[in-house]
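Annotated in TrEMBL:
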BINDING   C148, D150, H207, C210  Zn(2+) binding site
Amino acid sequence: MAWLIRFKARSLASATRPLRDTLDSYRCSQSHFSGFTTDDSVRSFPRKWLCSKAMRLNDVDDIQSRSSSSPEITRRPFVRFLPNRPSVSASSNSLGVGLQEVTGSKLNLFDELKQRFLSFKHHKYLEELEHFETLKEAQTPKFMVIACADSRVCPSTILGFRPGEAFMIRNVANLVPPLQKGPSETNAALEFAVKTLQVENILIIGHSCCGGIQTLMSMQDNSDSSFIKTWVTNGKNAKLTTEFAANHLSFDQQCRLCEKESINMSLMNLLTVRIIKEKVKKELLFVHGGYYDFLNCTFEKWTLDSKGGSDEEKGRFFVKDQQLWC
């Protein structure tokens, strides 16, 4: 019995030696990155590997199948990675641990980001060093911008905000929930912008072809409670107003109207926050709506008129300074 145990131990050691040799030939330096964390099958590897080259382990079959000298060892999978590309077949005399360099688009994307960052550093940061030095002390933005999370709508790009000029929050469909709905990330950001940063302007920017508004307009009353649909129900009043006034129009036309109506609804929801309402009445704070049509590259802007009268119970407010930039 003792001989059998020693024999198994020697067989296991000889079978795993190719694995150790293969891994040792690719030395990886440790970093603060946590490595593989998504599957129980890889917990035997260190969690802090960062290879000098992006490598990928192919499927590794059981060690017994690679060794003809240990017939008593039970077949068990050692470790298996499921590749997203066809794996390179291992040679017949290896353990099946293949290392393949990844040269796909993911690395190329970060190479592009690196070049953009370096371009920003040399052509913006260093050339405007005095401006960026002032930002080290504190931020004093004049604007609080609430915009859609849509990747086609970047306020800093279309309106040319410099770093430090606008405190921004972006969410699906650029919605401001009413205070009665309870705390939200948007309301928390508003409170910070108005109380702490003392911004003078709040600008809500909507846009054409908004997927969030399309979801809102296509929802049924008994729809499921997905995260997106639950969030866009904050614009339900805008949907009802649009359907009542434009039910004879096509779906796309209704969506376009609702995109603008939801901005006005969010402007009114701003006034459910007491400190915002008080500052607007004292003209210490101004709230504006904006609509970016990226199909034609035009921008509409309007401002809530705090002195023009209102009917708050019916949700009616006057606007002023309507402009179309084209």
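Cβ from N, Cα, C; glycine included.
Counting every protein chain shown, 23 other Cβ atoms lie within 10 Å of the Cβ of H207 (Zn(2+) binding site). Using the Cβ center of C148, D150, H207, C210 for Zn(2+), the list of other same-chain residues with Cβ within 8 Å runs, in sequence order, A147, A149, R152, V153, A173, N174, G206, S208, C209, G211, G212, I213, E259, Y292.
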